[in-house]
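Heads up, the thing below is written out as structure tokens.
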Amino acid sequence: LLWLLLLPTLCGLGAADWSAPSLACARGPAFWCQSLEQALQCRALGHCLQEVWGNARADDLCQECQDIVRILTKMTKEAIFQDMVRKFLEHECDVLPLKLLTPQCHHMLGTYFPVVVDYFQSQINPKIICKHLGLCKPGLPEPEQESELSDPLLDKLILPELPGALQVTGPHTQDLSEQQLPIPLPYCWLCRTLIKRIQAMIPKGVLAVTVGQVCHVVPLVVGGICQCLGERYTVLLLDALLGRMLPQLVCGLVLRCSHEDSAGPALASLPSEWSPQESKCQLCMFVTTQAGNHSEQATPQAIRQACLSSWLDRQKCEQFVEQHMPRLQTLASGGRDAHTTCQALGACRTTFSPLQCIHIPHF
């Protein structure tokens, strides 16, 4: 599924809200290198690795990143993997609560799944991806590395077989004519639902461990730091791209859906595979991150809704929220980043190491 995960890189920076707020990143290296999450948000990972966290040579980082991308690409090009994803999505179409949507779901899947797969498999370029992450030096773009999607592709992805109302940018729910279906048919909701189901099935921890095994070049001071880096930032990127940008961009291309109902930060700094002793910090950062995108008035409701996330222990989350709600609300609306907020609450260690490894069980 890397051809979908890496869509933001191929589409250019204007296609999605990838970066952290510009004012925060404008603080410079002191802000960028506080954590891996912030380094990724500000596209300063290469700088932090070379200048702050270790003595990595730029060329080595670039090569290591490209190796990681190639491994993930190879994994996702396997026919058995694609068949598994296709069957999974077909099953999701079959179990939709509103059975009237099932035929349209299968139609959308059958028509556009192969189009998206074929295009992005042919467009994966490790060098471009690693430049976007700040791990390869920027240079003059080569003609075949244009990041903008071509007009012919857009023509293929605007659902020409469906009513004209679906072919223009507009509300995120569009209707078929009353003659075809007597109720509104939310194609964009359907698209996002299927992609979120894919998100839930991907074993991010297993992928991260596989990525960590390719580390053999980077000569950082601390032994094993490359494997740690590979494991940790792979999980972070998968969470970020699958959680927000993948639904936005794929559904935006296929259905021209608007981004009005997008919620949550571009980079959710919460891999579910963190070790048990970090669970309180993890929970706090997730809740705080979810609340950070809302107005002060909407923050309490956003904090409570965060506990409904499928991977959280709901009871522990609600207990945490009840215990910390007044102060959490004040800190979350004060413009601090999630980790700083949770340090202030005592949920996260103040001696946080940006390159602290995660512990993932081997399967």
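Cβ atoms are placed via backbone N, Cα and C, with glycine included.
Annotated features in Swiss-Prot:
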type	residues	note
DISULFID	C62-C136	disulfide bond
DISULFID	C65-C130	disulfide bond
DISULFID	C93-C105	disulfide bond
DISULFID	C188-C257	disulfide bond
DISULFID	C191-C251	disulfide bond
DISULFID	C215-C226	disulfide bond
DISULFID	C281-C348	disulfide bond
DISULFID	C284-C342	disulfide bond
DISULFID	C307-C317	disulfide bond
DOMAIN	18-58	domain 'Saposin A-type'
DOMAIN	58-140	domain 'Saposin B-type 1'
DOMAIN	184-261	domain 'Saposin B-type 2'
SIGNAL	1-16	signal peptide
Spatial neighbours of C130 (disulfide bond), counting only the disulfide-bonded residues C62, C136, C188, C191, C251 and Cα distances within 10 Å | C62, C136
For C93 (disulfide bond), the one of C136, C191, C251, C284 that lies nearest, given that the disulfide-bonded residues are compared by Cα = C191
Among the disulfide-bonded residues C105, C281, C284, C348, report those whose Cα falls within 10 Å of that of C136 (disulfide bond); none is a fine answer.
-> none
Whole-number Å distance separating the Cα atoms of C307 (disulfide bond) and C188 (disulfide bond) is 25
Reduced DSSP assignment, C307 (disulfide bond) = coil
May I ask which of the disulfide-bonded residues C62, C65, C105, C188 is closest to C342 (disulfide bond) if we compare their C-alpha atoms?
-> C65
Would you mind reading off the Cα separation of C317 (disulfide bond) from C284 (disulfide bond), to the nearest angstrom?
-> 8
List, in sequence order, those disulfide-bonded residues among C62, C105, C251, C281, C284, C348 whose Cα sits within 10 Å of the Cα of C188 (disulfide bond).
-> C251
